[in-house]
């Protein structure tokens, strides 16, 4: 009898495979980093073949380390960095260009052009998104317009487009399945979140041939089987969700009004709004959460581009820490930020500002400023960006959050979690299993094959590790927030020229 579900978690900096038991516990993990390519300032690429090679390697490695064979795996769930765009040759399977990553800003001018054409309202109404270089649609257009011969091949039906889930499944099935799910499709700027299908008007606006697009499946259904070559036997692929939607599901935020924040490379807060798509009046995104047999669920989302990446910058860019976990002790060595505010707008500002020309800014620096103050200001910036989003979410949905569930690598940082509760003024709940992105993909896959019986069973499995209660005076909080808002204004529209 099958005892496990295997989650493939294809992230921005590494590919991972995580094996889960029926209790939702982790049996084994394998992880492999891959190359980040920065051809020009503001451009970020990945080698699509390296993405699949690392994903395939960790999949096999995870099972080997666990001493588990493929016949014990009931199904595979896939979750992935969203928006990152691959275009490949339908016949040979070869990418025509490196994958263009979600952080990449090269299509900012295409976005400006679309805004000038007065398309913002159409895009928001149909897709729930704002016009921004973040989403896949303009990246596909850029590849078709800039890779010699690509547009002609696309018109002839010879090219495929996919987000990373689609690319991984295409390769796992040796080109047999070209498929995505609604959560990923809803991040392309080509998909109508109300009809649940690709939108002809949007395809026309971005000049993308429909023949390139994958079919759109549910998030929890058997969509493919792996080619036996990979694991020695075919294993069903029965769960797909973009990383943030998967994390929402994995954190058991399955009912309307529940919210989670994932602290990874970026920071992503999602609020489950049930079966109703709320189009935001506060510059948040409306996105499909998941489409399962129980229905299509929507979320409000606020995206922060730089969260954990600010700690990587302290390590790799400034060299003030040797490893990411050191940041907590360094920040704790001072009682406060010493007046320093850091706005990590390295790739522009995400929600609710959506300023692609904002740049990183550090203010309040004096001769007395030390690396500890900068480290503390960096951690605080993660929590303060989250506060900006929560304020907007509460306005849009007309609710006051009772608590925020937190997941992702940076939740291990107790100082950050406590500071987050302090500035939000609501408790922050950290679950026992913080790998909720992979867990969400596992849940979606397991539900589709009867490994778990119901969403109620999943809700009951969620376990609390620690609850951080707000513990900051209103006066201190107000001063921090006031200085933060001033610093954000100074970071805006810097790169206009």
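Every residue, even glycine, has its Cβ placed from backbone N, Cα and C.
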Site co-member for ATP according to Swiss-Prot, given 12, 13, 14, 265, 308, 312, out of 118, 162, 409: 409
Binding-site annotation, Swiss-Prot, glycerol: partner of 82, 83, 243, 244 in 38, 134, 297: 134
Among 16, 82 [binding-site residues], residue with fewest other Cβ within 10 Å: 16
Neighbouring C-beta atoms (10 Å sphere around the C-beta of residue 413 (ADP binding site)): 21
Long-range Cβ environment of residue 265 (ATP binding site), under 8 Å and at least 6 residues apart: 11, 12, 13, 306, 307, 308, 309, 312
CB contacts for residue 312 (ATP binding site) [other CB atoms within 10 A, all chains]: 14
Between residue 83 (sn-glycerol 3-phosphate binding site) and residue 409 (ATP binding site): CA-CA distance (Å): 21
Local Cβ density at residue 308 (ATP binding site) - other Cβ atoms counted within 10 Å: 22
